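Per TrEMBL, the feature domain 'CP-type G' maps to 77-241. Positions annotated as domain 'EngC GTPase' by TrEMBL: 87-239. According to TrEMBL, the feature GTP binding site maps to Asn126, Lys127, Arg128, Asp129, Gly181, Ala182, Ser183, Gly184, Val185, Gly186, Lys187, Ser188, Thr189. Here TrEMBL flags Cys265, Cys270, His272, Cys278 as Zn(2+) binding site.
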Amino acid sequence: MSARPHSPIHVTSARGRVVASYGRHLLVETDDGRRVRCHPRGKRTDAVVGDMVDWLPSGDEGVITAIHPRRSLLRRQDELRTKTLAANMDQVLIMLAAEPVFSDEHLTRALIAARDADVAPLIVLNKRDVQPAFDDAWQRLEPYRAMGETVLPLCVGGALPDDGLDTLVSHLRGRATLIIGASGVGKSTLVNRLVPSAQAQTQAISRALGTGRHTTTHTTWYWLDEARSGAIVDSPGFHAFGLHHIEPRRLASLMPDIAALVGGCRFANCTHRQEPGCAVRAALAPQGPLSPRRWQLYQALYDELSRARAHG
Ligand SMILES: Nc1nc2c(ncn2[C@@H]2O[C@H](COP(=O)(O)OP(=O)(O)OP(=O)(O)O)[C@@H](O)[C@H]2O)c(=O)[nH]1
Ligand SMILES: [Zn+2]
């Protein structure tokens, strides 16, 4: 059937996945693997890496017309702003190392943010060859293992016969994983070993987004395999997770070691700070199983989130 003359051309939108973002520039990958530079329609810039979107061709580029409902959304919020990190992640890999010494406060914040977003956390401790710092760090992670978190040892850039990479890869297969970590933990070393073409891809993305050949400061989605089942998302820089989007009252439920105890408190609305008959306080070591440091982190975060509500 031929089109009527002068009938408007109906361009249907196509589906795609946001695989890189740099400010308002987004790179969208189509189902057949093509990559198209896209802009959000209007002033809204709310599509992020991992989002499934509808887009319409516009010249050589595309316009994003819709964002599909998200399975998950990882974000951090401090007193100044909310920053969305990635959408539709299954897992967040929190990368720590024997050195630099990790902050258990940052770790706790990342775990809370992951649980709040319904994204499974995976803790990785790198630089197993650096001793005795590695054993000290492994020991500091004991409360996290005890509460059921998975902690994997790794030696991604050192010279040990067992680098732990195979075990890590088995946790990444078939999932979309956001990797976060402080500077110097070995994040780039890991990304380059998992995705040998990462640097070449980054350069291609910089060219496509027009951000300059050496710009690597964009969030990037890398497929782990030809079949495009598993992926890692690398995001530049490290920022502590601001948790201001979380109600202080919800905090205990997002910290598994504390959540396991709250059923025993005398008052149903116990905040586990100074109420009598508090099962959380009663469980503090050495009498009980709860690490005093974890309770201290809980209290500090509770105060911070309460202040944020009061001033927000
Ligand atoms: N001993 C040892 N060194 C490692 C290991 N993994 C990485 N490194 C080294 O740690 C340093 C930091 O590694 P990077 O991969 O650059 O770390 P990064 O987390 O990407 O750091 P930024 O680039 O600052 O964000 C480098 O000198 C690596 O060679 C390891 O398993 N053992
Ligand atoms: Zn209590």
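Count begins at 1; order follows the chain as displayed.
Placement of Cβ uses the backbone N, Cα and C atoms for every residue, glycine included.
Those TrEMBL annotations? Automatic predictions, nothing curated.
As the structure is a computational prediction, the values presented were derived from the model and not from experiment.
Positions of the features from TrEMBL, shown on the structure.
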residue	record	Cβ within 10 Å
Asn126	GTP binding site	30
Arg128	GTP binding site	21
Gly181	GTP binding site	23
Ser183	GTP binding site	9
Val185	GTP binding site	26
Thr189	GTP binding site	15
Cys265	Zn(2+) binding site	20
Cys270	Zn(2+) binding site	19
His272	Zn(2+) binding site	21
Cys278	Zn(2+) binding site	20
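When the Cα of Lys187 (GTP binding site) is compared against those of the binding-site residues Cys265, Cys270, His272, Cys278, the shortest separation belongs to His272. Taking the domain 'CP-type G' (77-241) as a whole, pLDDT averages 92 in the prediction.
Using CA atoms as reference points, the binding-site residues Cys265, His272, Cys278 were checked against Val185 (GTP binding site), and the closest is His272.
There are 23 other Cβ atoms within 10 Å of the Cβ belonging to Lys187 (GTP binding site). Of the recorded residues, Cys265 (Zn(2+) binding site) and Gly181 (GTP binding site) place their C-alpha atoms 36 Å from one another. Other than the site residues Cys265, Cys270, His272, Cys278, same-chain residues with C-beta atoms no more than 8 angstroms from the centre of those residues' C-beta atoms, the Zn(2+) site, are Val262, Arg266, Phe267, Thr271, Arg273, Glu275, Gly277, Ala279, Val280, Arg281. Annotation note: Asn126 (GTP binding site) sits in a strand segment as assigned by DSSP. A coil conformation is recorded for His272 (Zn(2+) binding site) in the three-state DSSP classification, outside any helix or strand. Within the set of binding-site residues Asn126, Val185, Lys187, Thr189, His272, Asn126, Val185, Lys187, Thr189 have a CB atom less than 6 Å from some atom of ligand 1. Between Gly181 (GTP binding site) and Cys278 (Zn(2+) binding site), the C-alpha separation comes to 35 Å. Closest by Cα distance to Thr189 (GTP binding site), from the binding-site residues Cys270, His272, Cys278, is His272. Residues Cys265, Cys270, taken from the binding-site residues Asn126, Cys265, Cys270, are distinguished by a CB atom under 6 angstroms from ligand 2. Rounded to a whole value, the Cα-Cα separation of Ser183 (GTP binding site) and His272 (Zn(2+) binding site) is 34 Å.
A Cα-Cα distance of 34 Å separates His272 (Zn(2+) binding site) from Asn126 (GTP binding site). Separation of the C-alpha atoms of Asn126 (GTP binding site) and Cys270 (Zn(2+) binding site): 38 Å, rounded to the nearest whole number.
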